[in-house]
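Below is one structure, written out as C-alpha cells; the observations come after it.
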Amino acid sequence: MAPNKRRRQPVPDPTTALRIPSSYGTGGLVVLSDTQLIETLAHFARERIPERSVHAKAAGAWGEFEVTHDNSDLTDAKFLNGVGTKTKVLCRISTVAGEKGASDTVRDVRGWATKFFTEEGNQDFVFNDLPVFFIRDPIKFPSMNRSHKRHPRTNVPDDNMFWDFHEGIHALMQLFGQRGIPASLRNIAGYGVHTYTLGKEDGTFKYIKWHWKPDAGIETLPADVAVRLAGEDPDYHIKDLFNSIEKGNYPSWTLNIQVMSPYDVSEAPIDIFDPTFTWPHAKYPLRQVGRLTLNKNPDNYFQDIEQAAFSPSNMVPGVGPSADMVLQARMFSYPDAARYRVGPNYQQLPNNRPINPVYSPYQRDGPATINGNYGADPDYVRSEFRKISYTHYHQTANPEQWSGQVAAYSYQVTDKDFEQPRALWEIIKGEKGGQQFFLDNIGPSLKNTEPKLRERAIAMFTRVSEDLGKLLTDATK
Ligand code: HEM
C-alpha cells in the first residue's frame, strides 16, 4: 500500500480492514495489528449494558418543573418553594415486566421516574401510574416480578405462575381495571405509592403522598385495540411521546400532595406505612404543588435515558422517607442496581450528576472516574489537612422514635385488605361499561389458568364481593 501522507490513523476509512491477500487474488488473512478492525468488533460486543431487571422498556424526555403554590409551611426544600421556581428534570416512563424490546400496549403497571436537578442536589421521584403496590413486605419483590415474567422452563410468560403467586388484591383490581393500559404516556397519572415526609429544619414535619395528574386527563385503551397495537406497533407509546414533544405539543402534569400530621397517624383509617392502601381523599384532600412539562427529547437515548439511574434514596433536605418497609428496601436496591448496571461511578455521568457542587472525597476511584477525583484531598474522614463543615439537617423526621427487638415479619392477608378493593369494585361498576371491561380484561387470563389456581383466585375476588366472585365464575366457565 502506498504511504498516505494525510493518514493519521492506521487505516484511512472506517470500512477498511487490513489483509494479506491470498495468491488467488481473493480472500485473505486479517491481521492482529489491524487496530481498527479489532476496536470495531470488540466495542460492538461491549455496547450493551445490562437491561434493568424490571422496567426495562421505556420512553424518556427532559423537562421543567415549576412551583405553582408555595409550600414553605411544610418544607424547606428549595425546589418546592417560591411560586415560579423552576427546576430542570429528566423523566423516564416504563412498562415493568417486559424486556427492552417488549410491546408498549400491554396490561402492566407503568413506572414513572423523575429526577429533579435542584440547587440542593438530586431529588428523584420513582413512582408508578397505579396508586397502590402488590406487596407490603419487600422480600417478595423478586418473586412477584418473576411470576409476571417468563417461565423458567418454557421461557414464555405464564398465567399459572401469575395467579399462583398472586396477592395484592387492591393492585390487581387496578391492573385489570381500565387503567391497566394507558392510551398514551401523556395520559397517565403518577403516584409515590409510599408515604414520604416533608419537613423543616426545626424538626417539624408532615407525612405526605405524592400524586401527578396528567393535564390532558387520564385516558386508556380498550383491550382489543391494545392487543392489535402490541403486534402492529410495539413502540406505539414511545413514538407517541417522542413525536408529541418533537411537534411542540408538550405533555404536562400537575403535582399534588395529600398531607397528614404525625399526630393523626394513630387515628388514620389505614396503615400509612403500608403501600397497598390509598389515603381516602375525602379526609386527606389533594393540595396543589406545581407543574411538570416535558419539552425536550433526548439527543441520544442511550446516554440520556438508558444510563439514567433513579433512586428513591435521592432526596434533598426537606424531603424524607417514612417507615414503609418497601420504601426502605428500595432505598438500598436502586443504587445497588445502578452500580451493577451502569458502574460504581454512575453518578458522575452528565445525566445523573447533580448540578450543585458535591464534595464527597470518601467516595473516589473506581472504573471510569471522570470528576477530578478530589485531587490530593484526604480520602479519609476527620483530616486536619482539610477541615470540613457538615450540615446538621436530619433526613429522618425527628419525632419518630424506634425501639424494640429485631423480629421476623411476614404478613397474612386480613379482611381489611378487601375494604378498599370493595369500594373500587363499586366505582368500576358505576363507570359506563366498567363491569364488563373488568370481566373481559381478567377473564382470558383466569381461563388460561389451572382449575385449582383459578378457584383460589376467584375465592380471593369473592372476598372483595360475592357478585364479583360469581361473575368471574361465570366468565371463566
Ligand atoms: C421492594 C420493592 C421494590 C424493589 C426491590 C424495586 C427494585 C427495582 C429495581 C432493582 C429496579 C431497576 C433499577 C435499575 O436497574 O436502574 C426498579 C425499577 C423501577 N422501579 Fe422498583 N422496586 C420496588 C418497588 C417499586 C415501587 C413500589 C415502585 C413505584 C412506586 C417502583 C418503581 C420503579 C420504577 C419507576 C423503576 C424504573 C426506574 C427507571 O426508570 O430507571 N418500584 N425497581
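We count from 1, first residue shown onward.
Note: Cβ is positioned from N, Cα and C throughout, glycine not excepted.
Curation does not apply to TrEMBL; its annotations are automatic.
Listed features, source TrEMBL:
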| type | residues | note |
| --- | --- | --- |
| ACT_SITE | H55 | active site |
| ACT_SITE | N128 | active site |
| BINDING | Y334 | heme binding site |
| DOMAIN | 4-389 | domain 'Catalase core' |
Could you list the residues of the same chain, at least six apart in sequence, whose Cβ is under 8 A from the Cβ of N128 (active site)? V109, R110, G111, W112, G190, Y191, V193
If I take every residue in the domain 'Catalase core' (4-389) and average their pLDDT values, what number comes out? 95
Counting only residues 6+ apart in the same chain, whose Cβ is under 8 Å from the Cβ of H55 (active site)? S94, T95, V96, G111, A113
Look up N128 (active site) in the DSSP assignment and reduce it to helix, strand or coil. strand
Conformational class of the residue listed as 'heme binding site' under the three-state DSSP mapping: helix
